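Student: Structure provided below as structure tokens; questions to follow.
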Amino acid sequence: QTSSVIASIHPSIHLLYPKLSPQSTMNVIDHVRDMAAAGLHSNVRILSSLLLTMSNNNPELFSPAQKYQLLVYHADAIFHDKEYRNAACKYSMALQQKKVLSKTSKVRSSTGGAASNIQAQSLPSEIEVKYKIAECYTILKLDKDAIAVLDGIPSRQRTPKINMMLANLYRKAGQERSAVTSYKEVLRQCPLALDAIIGLLSLSVKGAEVASMTMDVIQTIPNLDWLSVWIKAYAFIHAGDNQRAINTICSLEKKSLLRDNVDLLVSLADVYFRAGDTKNAILKFEQAQMLDPYLIKGHPCFLGGRLFNISDQHAEPWVISGCHSFYSKRYSRALYLGAKAIQLNSNSVQALLLKGAALRNMGRVQEAIIHFREAMRLAPSRLDCYEGLIDCYLASNGIREAMGMANNIYKTLGANAQTLTILATVCLEDPVTQEKAKTLLDKALAQRPDYTKAVVKKAELLSREQKYEEGIALLRNALANQSDCVLHRMLGDFLVAVNDYQEAMDQYSIALSLDPNDQKSLEGMQKMEKEESPTDATVELDGDDMEGSGEDGDLEGSDSEAAQWADQEQWFGMQ
């Protein structure tokens with residue numbers, strides 16, 4: 001009976017294996033399938049290529065079903081070699097072959113052949129082949145083509161991973177309603193799909209509605225009572241309610257079963273950073289990093305160059321290196337590194353912000369605006385996206401546009417220290433609204449006396465008004481509980497204005513110790529030295545110190561900088 005089934009599937013099997021007995025159940029396609037299942041992709045690629053050539057030269061050698069299998073296994077092997085465009089082409093050829101197979105199977109099924117049912121069950125899924133094509137297109141940044149392929153799959157035949165891919169693609173394309181529908185379908189099939197939950201919350205779906213979709217599983221499975229609180233925390237995050245998000249995550253983190261969870265700690269660090277609490281942000285991230293030394297998630301301010309030793313296929317290492325270049329005023333390099341990060345992950349908000357900031361500082365404001373707007377679309381609750389766009393408007397004298405956006409943020413997210421400071425920053429640009437700026441900054445500092453951005457803007461305003469003593473008191477109070485380069489430098493400037501040169505020099509020195517690249521602190525210190533030193537002393541100093549601080553010193557600094565990047569240069573393709 002077995003031999004008759006095999007013979008009906010493929011009468012010419014003995015052309016391939018002439019020594020096999022009729023009772024043998026293995027043919028060459030079975031061997032290819034087994035090698036593919038065993039992960040022998042390079043072997044599959046070579047053998048399937050040879051067999052496909054044989055089939056092209058002799059179409060009778062393999063049945064339509066066997067050729068379809070060969071094409072799929074061959075495409076899988078190419079996909080494994082990361083040749084995605086080639087793989088997509090081969091998968092498409094397999095689908096064309098499947099159409100031929102469907103026509104022949106209809107004819108065979110009318111004759112009542114049992115073999116057709118057996119082979120249909122063992123064939124690679126056509127739905128899976130379409131998913132792989134969409135995966136190739138996604139990697140190749142051909143999102144519209146990927147959506148078109150997945151849209152062609154009937155809704156009832158879509159698996160959870162197909163719906164998840166569709167949801168992410170719809171969201172990226174700005175088709176929010178379709179994205180919400182697909183995410184909900186994922187949750188209907190898999191109610192513990194937490195990334196789908198985050199996707200819904202990021203699209204402004206209410207936390208209560210999302211939580212209701214998981215109630216059944218929470219009530220039936222023990223030790224899942226934390227999930228509703230987890231959903232509430234991420235709902236606050238995506239609504240921009242940083243303080244309530246912090247409180248909710250802290251309550252989760254204190255629970256014994258979730259204590260020291262790395263993902264929660266990273267989320268908490270990120271929310272602290274968004275709230276302007278850098279100190280707690282760094283503490284929480286360092287805690288997460290101690291638990292997981294290979295951690296690659298987090299804000300670039302917390303991460304180091306070590307990430308290139310972990311992976312260069314994620315956006316984060318490139319963003320971090322780009323931030324270093326940006327703060328060193330190497331904007332072209334920062335632009336390149338930001339573009340590389342976006343190439344690896346087009347949804348990386350931090351990469352978009354980096355590239356936008358680099359473009360803005362290079363004078364390419366309109367291009368920068370495009371990147372900040374895309375960052376806003378992906379993360380509508382992140383204030384740094386709006387700040388970047390407002391800075392662009394101000395740089396191009398678009399005060400009206402900047403004021404409109406600042407007012408919109410203020411009304412949408414409420415009157416907190418950050419939104420008040422953003423609005424005050426715009427008001428400072430117009431002489432008519434100076435008093436309003438002062439009122440807004442006072443409100444911001446009343447809420448958070450240590451909020452650095454508010455302190456800086458208030459100090460700038462006091463400097464304009466030449467209220468130096470008041471400015472010194474403000475900066476001393478802010479520096480009582482923190483140490484910040486900009487604050488120390490501004491205090492130095494105010495002290496110079498009141499002729500307290502010795503302490504001003506101390507403040508500039510502290511600022512430079514915190515950031516050796518701070519040009520303004522260096523300029524302030526050099527200006528004081530010139531004013532204090534007589535001409536002949538300056539000449540004598542130049543002559544005496546020529547050996548110790550001249551050309552050799554510059555070269556030493558250059559070598560130091562080169563050494564800093566030496567370990568990373570290989571990743572930039574700069575060697």
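Backbone N, Cα and C atoms are what each Cβ position is placed from, and that goes for glycine too.
Pasting the feature list from TrEMBL:
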type	residues	note
REPEAT	262-295	repeat 'TPR'
REPEAT	349-382	repeat 'TPR'
REPEAT	485-518	repeat 'TPR'
COMPBIAS	524-533	compositional bias 'Basic and acidic residues'
REGION	524-575	region 'Disordered'
COMPBIAS	539-559	compositional bias 'Acidic residues'
Student: Determine how many residues of the compositional bias 'Basic and acidic residues' (524-533) DSSP places in helix, in strand and in coil.
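Tutor: Breakdown, helix to coil: 9 helix, 0 strand, 1 coil.
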Student: How does the repeat 'TPR' (485-518) divide up by DSSP, counting helix, then strand, then coil residues?
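Tutor: So the repeat 'TPR' (485-518) is made up of 27 helix, 0 strand, 7 coil.
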Student: Mean pLDDT for the repeat 'TPR' (485-518), as a whole number?
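Tutor: Over the repeat 'TPR' (485-518), the predicted model scores a mean pLDDT of 87.
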